[in-house]
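These notes are about the structure you will find just below.
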Amino acid sequence: MARVVVDVMLKPEILDPQGQAVANALPRLGVNDVASVRIGRRVEIDFAGDADLERAREIADKLLANPVIEDYEIRVVEAA
Amino acid sequence: MNLESMTVDTVKNAESTPEELQPYLELGLKDDEYQRIRQILGRRPTQSELAMYSIMWSEHCSYKSSKVHLRQFGEKAPPSDRMLAGMGENAGVIQINEKIAVTFKVESHNHPSFVEPYQGAATGVGGIVRDILAMGARPILVMDSLRFGAADHPDTQRVLPGVVAGVGGYGNCLGLPNVGGEVFFDECYQGNPLVNALSLGVLPVDGLQRKEADGPGNIVVLMGAKTGRDGIGGVSVLASATFDDESQQRRPSVQVGDPFTEKLLIESCLELYASKLIVGVQDLGGAGLTCALTETAASAGTGMDIQLEKVHLREASMEPHEILASESQERMLFIVEPAKLDAVLGIAQLWGVIATPIGTVTDTGRVRITFHGETVVDVPPGSLADDGPVYARPLREPADLILLQADRAETLPRPHHDFQLKDTLLKLAASPNLSDRSWVTEQYDRYVLGNTVLAQPEDSGIVRLDEETGLGVALSLDCNSRFARLDPYEGAKLALAEAYRNVAVTGAEPVAVTDCLNFGSPEDPAVMWQFAEAVRGIADGCQELGIPVTGGNVSFYNQTGAVAIHPTPVVGVLGVLENTAQRIPMGFGHTGDVLVLLGETGLELSGSEWAWVAHRHLGGRPPKVDFAREQAIAGFMQKAAETGLVGSAHDLSDGGLGQALVESVLRKGMGATVTLPVDIEPFVSLFSESAGRVLITVPVGHRQAFEQLLAEHELPATILGQVDDEGADLTVIGHGEAGRFTVSQAELREAFSGTLPRLFGSGEPGAAPAPAVETVTVVETVTVVETPAGVEVTETVLVEAEAPVALLAEGEPAGQPGEVAHADDEGRRTES
Amino acid sequence: MSKIGVVTFPGSLDDGDAARAARISGAEVVRLWHADPDLHGVDAVVLPGGFSYGDYLRCGAIARFAPVMETIADAARGGMPVMGICNGFQILCEAHLLPGALTRNQHLHFRNRDQWLRMENSSTAWTNHFTEGQEILVPVKNGEGCYVADRRTLDELEANGQIVARYIRGNPNGSTRDIAAIRNEAGNVLGIMPHPEHAVEALTGPSLDGLGFFSSVLKHLADAKAAA
């Protein structure tokens with residue numbers, strides 16, 4: 001099996017209220033040197049055969065990310 | 001799958017190794033209980049069997065400490081021709097008319113909600129909904145009764161938002177309106193929050209489903225989510241043991257809910273019922289497959305042969321005892337005739353739900369379970385489901401009770417002057433227990449299904465069942481655990497009286513009761529005494545009111561160390577309203593309507609919200625209960641609803657008349673002028689918590705007819721004043737030092753509505769206390785990634801310009817948050 | 001009688017309510033199933049609220065690929081009136097029948113309250129019964145109702161009169177420019193975050209203002225038939 005990881009993140013310009021909530025909580029933990037936190041989604045795709053980056057990109061384009069608000073990055077990793 | 005790596009303990013193995021030591025004590029079984037298992041089986045149990053017995057004989061599943069007391073509900077129950085199913089079923093069933101019946105029940109999910117608030121509460125809702133579904137009904141509403149530690153305690157900041165989001169997240173996603181409930185804070189719940197969820201469903205009178213696994217040769221089908229390692233041991237260990245630091249380590253065994261799968265399961269089940277495709281059905285709850293298999297076989301007196309490897313697993317390496325103990329959510333078990341199997345599997349496929357035949361019904365009287373051909377379980381199902389241990393545990397009145405009862409709140413100094421009364425009114429309205437619940441209830445969908453007639457903050461939730469006739473049901477869940485602490489017998493009766501009254505004031509006829517009994521450890525004789533007294537109180541009260549307890553739930557071991565929670569018998573009352581269009585709402589509606597107080601006010605301040613807020617005092621005896629008065633009120637309100645004589649009605653409970661006035665004014669923004677009776681001390685009029693009282697408004701034109709109806713029902717009543725214009729003040733006229741005082745609606749609203757947002761975040765965009773980043777700098781962006789295992793901070797540290805756009809929300813200097821700058825024509829967005 | 005189709009996805013929740021509202025308004029209601037591409041001769045379609053396929057990825061992301069949606073998208077491009085309510089609005093955005101996207105409420109909570117809206121455009125198939133500037137009261141209930149789009153799109157929406165309703169007296173989810181509802185350029189496709197189908201009966205809703213959307217489309221269809 002070959003694994004492709006797709007990281008989907010809100011575009012930098014889009015407000016990320018979840019990330020902001022985490023950032024706001026950090027001072028309560030005594031962490032004061034973080035300026036910004038953004039939260040995204042990691043999707044692991046296991047191919048039955050070889051990793052197919054093109055196919056993964058197609059999946060990401062059509063389904064995993066909404067290009068209106070999200071960017072994504074794709075990479076092949078060693079499957080566990 | 002690598003079977004060789006798994007050492008499965010088979011029946012054969014158990015027979016040949018009788019001396020092998022088994023961890024029954026760790027599983028919560030006592031020495032004599034273990035010996036009894038050996039006796040029943042004639043050998044040592046296999047690992048799987050031991051797991052099954054430990055689960056089924058736990059307090060949670062066997063009711064071993066409570067059974068002897070709960071019998072009173074049946075023994076004292078008044079005869080009811082409405083009850084189609086009662087105690088012992090998944091939920092009680094009440095006939096509404098010749099065609100329609102409803103089933104309803106309240107259940108606890110306390111300990112899981114402390115460990116993981118969101119999932120604990122969410123799966124609590126999911127579980128009670130499946131109980132309702134298993135009776136053959138379509139679930140149509142949920143309610144939640146929540147109790148937390150002190151409102152300002154840091155752990156309440158963790159638990160409450162998670163629980164509320166979990167109740168909302170699951171119920172909203174299922175499309176079930178949440179129509180009411182309670183939120184209460186007290187230090188006694190600090191380490192033991194209570195999450196009690198109620199659901200109600202509707203079914204055709206002839207559509208009641210049975211759980212019996214009848215008919216040898218019939219197929220046993222498991223439907224729904226795959227089985228995983230959720231809540232392994234959760235029932236016997238998580239849900240029945242007192243908390244300690246170890247609960248931190250048990251976190252991975254918390255169940256995770258999937259409301260979408262539950263929605264598919266509901267639709268599939270209802271289609272199976274409607275097509276009459278199944279013989280029996282049971283939901284998989286706390287004790288998972290173990291309970292479902294043994295209960296269905298035991299209740300039919302049959303047996304089963306199960307091939308456990310056919311169960312769809314989330315993790316292939318699960319061992320038989322794990323599969324049997326798994327608390328994975330969103331699963332149901334069906335008994336199906338072989339000829340109908342294909343049709344059943346077809347319906348599951350239509351809705352995209354997994355359905356798997358896992359075995360057959362037999363006439364052997366034994367549940368035999370094999371795993372890849374090896375027999376791992378061979379037990380008589382009744383020994384697990386019905387013949388568990390029963391204990392008559394020792395009872396002893398708590399040693400401190402006499403002193404506690406002698407310390408009466410009626411002797412505390414209480415204010416007399418008008419400005420003090422006004423101050424008390426506002427302070428109480430702003431107290432965490434009496435303040436506006438919108439912060440919580442706005443997270444719940446109350447509109448979905450389009451039949452919600454009344455929802456929180458009204459006294460009852462009212463839901464229409466029939467669009468043609470307007471027929472509907474009213475429901476209320478109540479308990480004042482401070483009263484129960486002072487006197488569990490009277491406190492339980494007061495909880496019943498309040499829920500009954502909350503239903504009655506809408507004009508509905510109260511017809512049935514469910515309860516969720518939350519207590520400390522039954523091994524503590526003082527707790528057991530409180531439990532026995534509370535059960536006796538509810539049973540006696542129901543006998544007097546003439547309505548039956550149809551089912552419920554007991555939750556023990558709600559304690560941290562030696563300290564138990566207040567006894568908390570939450571009571572739910574179901575009412576029927578022939579025409580929901582005649583329901584009586586709580587808010588003042590029309591200028592000039594006459595304000596009337598039904599019932600009598602006594603000097604009853606012990607256990608009151610005032611005693612707690614003003615003096616941090618809990619002592620004395622709770623208010624008296626008069627069920628005849630409650631019945632008179634119910635009779636009067638039903639007639640008043642039918643004839644339209646009463647414009648609004650609001651039950652008086654926590655915070656007394658003062659709080660009822662605040663809520664009735666703010667509901668629709670109508671002012672009021674109130675003259676307190678001259679023969680009662682003004683403070684007592686305003687803040688006593690005497691039971692059996694209702695604040696109503698009567699349109700001026702109906703006054704004569706109203707007085708006649710009042711006389712017919714022999715109800716004492718006091719005219720208090722009148723409703724004023726929209727936006728007008730609340731004016732209270734006392735006597736003597738009390739003089740008079742006026743509170744504007746703005747003052748009332750600020751006091752009443754500000755508390756929960758202040759404690760748990762205002763929820764308004766831009767209002768969060770965000771660290772101010774005013775200019776754009778080049779900063780490190782920590783990338784946080786959500787993975788199936790949780791949120792994980794990766795090592796990726798990007799350096800990039802980050803515009804904290806959300807912080808622009810208020811100023812909006814250059815467009816609003818959410819507007820996306822064009823990177824191509826504006827470059828990196830830098831304005832801020 | 002005009003036929004209004006109401007689509008049911010496996011996780012649709014307000015589909016029965018949308019059907020009830022259409023029925024009360026005098027339409028013949030046809031229930032459409034997500035897996036069936038046939039529109040069964042309906043004249044207009046409502047995509048109701050709910051969680052179409054669980055919405056674990058993004059609201060509406062998977063519903064967009066449902067067989068029924070491909071037919072609806074073609075019909076919408078051909079001028080058939082389509083209204084997406086709440087989750088339906090999210091699906092229309094994901095399907096690019098409407099611009100922009102709906103993201104998590106800024107305060108991160110699901111929020112259900114009775115919400116005032118100001119109607120900004122009455123030139124659509126679904127809003128011709130309203131007057132511009134009219135204030136209406138309907139329930140809002142969503143977790144991901146915060147409308148976002150790039151500034152050029154927003155400016156275009158403003159310039160073309162495509163913003164159909166805005167939140168007034170408080171913005172319940174942080175939606176950009178207080179946007180509660182938008183339309184496509186042609187005016188036959190409407191996406192609305194609040195729930196008009198829950199304001200159609202005095203007994204169960206905060207007002208009867210929601211009926212206007214359904215009576216609008218019936219008038220629109222009748223006019224179209226008369227013209228044909």
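Quick reminder: no glycine exception, Cβ is built from N, Cα and C everywhere.
Copied over from TrEMBL:
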ACT_SITE  C:C86  active site, nucleophile
ACT_SITE  C:H195  active site
ACT_SITE  C:E197  active site
Ranked by how many other Cβ atoms lie within 10 Å of their Cβ, the active-site residues C:C86, C:H195, C:E197 are led by C:E197
Cα of C:E197 (active site) to Cα of C:C86 (active site, nucleophile), in Å and rounded, measures 11
The residue listed as 'active site, nucleophile' sits from C:H195 (active site) (Cα to Cα, rounded, in Å) at a distance of 7
Kindly assign C:H195 (active site) to one of the three DSSP-derived states: helix, strand or coil. coil
